[in-house]
Amino acid sequence: MGLSAPKNKIKLSHDPNNTKWSGNTDSFGHRMMKSQGWTPGEYLGAKDAAHAEFHTAANASHIRVVIKDNNLGLGAKIGSGVGHGECTGLDVFQNLLGRLNGKEEAEIEKEQKGREDLKRAIYAERKWGSIRFVRGGVLVGDKIQDLIDGEKERVKALKKGKTAESSSDDSDSSSDEEEEEKSPEPVTEKKKSSKRKREEQEEEEKTSSKKSKKDKKSKKRKSEDEDDKDKSESKKSKKSKKDRKSKSKSTSESETETLDEAAIKARKKEKKEKKRREKEAATAGADTEETSSTSKSSKKNSKKDKHKSSSASESSTKESTPTVTESSGRSTPMGIRSIRARHIAQKRMASMDVASLNQIFMIKSQT
């Protein structure tokens, strides 16, 4: 950008080394720690804590902040740790400096050996990690040496006692021979006793193993018997549950059947009542239709009678012969059938009258 770039002005502070905050005694934290019993120069942390013995001078210094500008892990540093920061050929140079300073060859060799041991330790740590050797116990063979030595000492003590009691050299020689002959006996007896002990131990182990096997078999039988009992009980319980379920199902089915029968009967009754009501309504409608039809027919008959009377008057005037209407000869019935009978009588009269037929069939009368 050059001169046209934005200018960033940096103002130097009065405390370039950033030591003002460490020397400030008026801050809140400094005053609070003083009120709790801390004095400048003491370690940070509780004095009576379990880890107080591990406090060092670092606990008295300030907490320093370091900017992390690498890809290493937290707390890792380049050139620190085991095997880091060593120069090749430095051992030979240190030996040369030691000789020039007047050190003896023994001291130089000792230092060289220490450096070589350090290199071996570094290599082993890199390859297998930290190794610690722990001292184990002493391996004991088949023979118990302490018991054999004790037996020999006891035999020697017996020999000394017998030699003191005997006075003659012959008796001493004979006693020595006898004791020499007897001396291997306790060892053999000891060996025999050890063999017997071993045999007894083996027999005890066999008997214990047999007992354990018998116990295991008895336990297995008991467990099998218990399992059989549990299975039989479970089967019985299942059967009882099935019986209960079947009974409950039968009762429920019978109840449902009774309910269904009652519902069917109620439906039948309702259907019968509906049919009766429909029949009654139909009969009532038919009666009303008959009454309406009879009223209409009576009106029509009255009109026809008027037409007949008019036609009869005309014919009487023309022909001058009176027309006599024939009576049905039947008495008018009373009741519901009277309307029907009237309608039938009117039809008969109309069919017998020529003028009315002409009017019905739209035939003009001849004048």
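Including glycine, each Cβ sits where the backbone N, Cα and C put it.
As written in Swiss-Prot, here are the features:
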type	residues	note
REGION	1-28	region 'Disordered'
COMPBIAS	15-27	compositional bias 'Polar residues'
DOMAIN	25-79	domain 'G-patch'
REGION	156-336	region 'Disordered'
COMPBIAS	167-182	compositional bias 'Acidic residues'
COMPBIAS	209-221	compositional bias 'Basic residues'
COMPBIAS	236-248	compositional bias 'Basic residues'
COMPBIAS	265-277	compositional bias 'Basic residues'
COMPBIAS	282-296	compositional bias 'Low complexity'
COMPBIAS	297-309	compositional bias 'Basic residues'
COMPBIAS	310-328	compositional bias 'Low complexity'
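Across the compositional bias 'Basic residues' (236-248), the DSSP tally of helix, strand and coil residues reads 13 helix, 0 strand, 0 coil. Across the domain 'G-patch' (25-79), mean pLDDT in this model comes to 81. Secondary structure of the compositional bias 'Polar residues' (15-27), assigned with DSSP and counted as helix (H, G, I), strand (E, B) and coil, comes to 4 helix, 0 strand, 9 coil. Per DSSP, the secondary structure of the compositional bias 'Basic residues' (209-221) breaks down as 13 helix, 0 strand, 0 coil.
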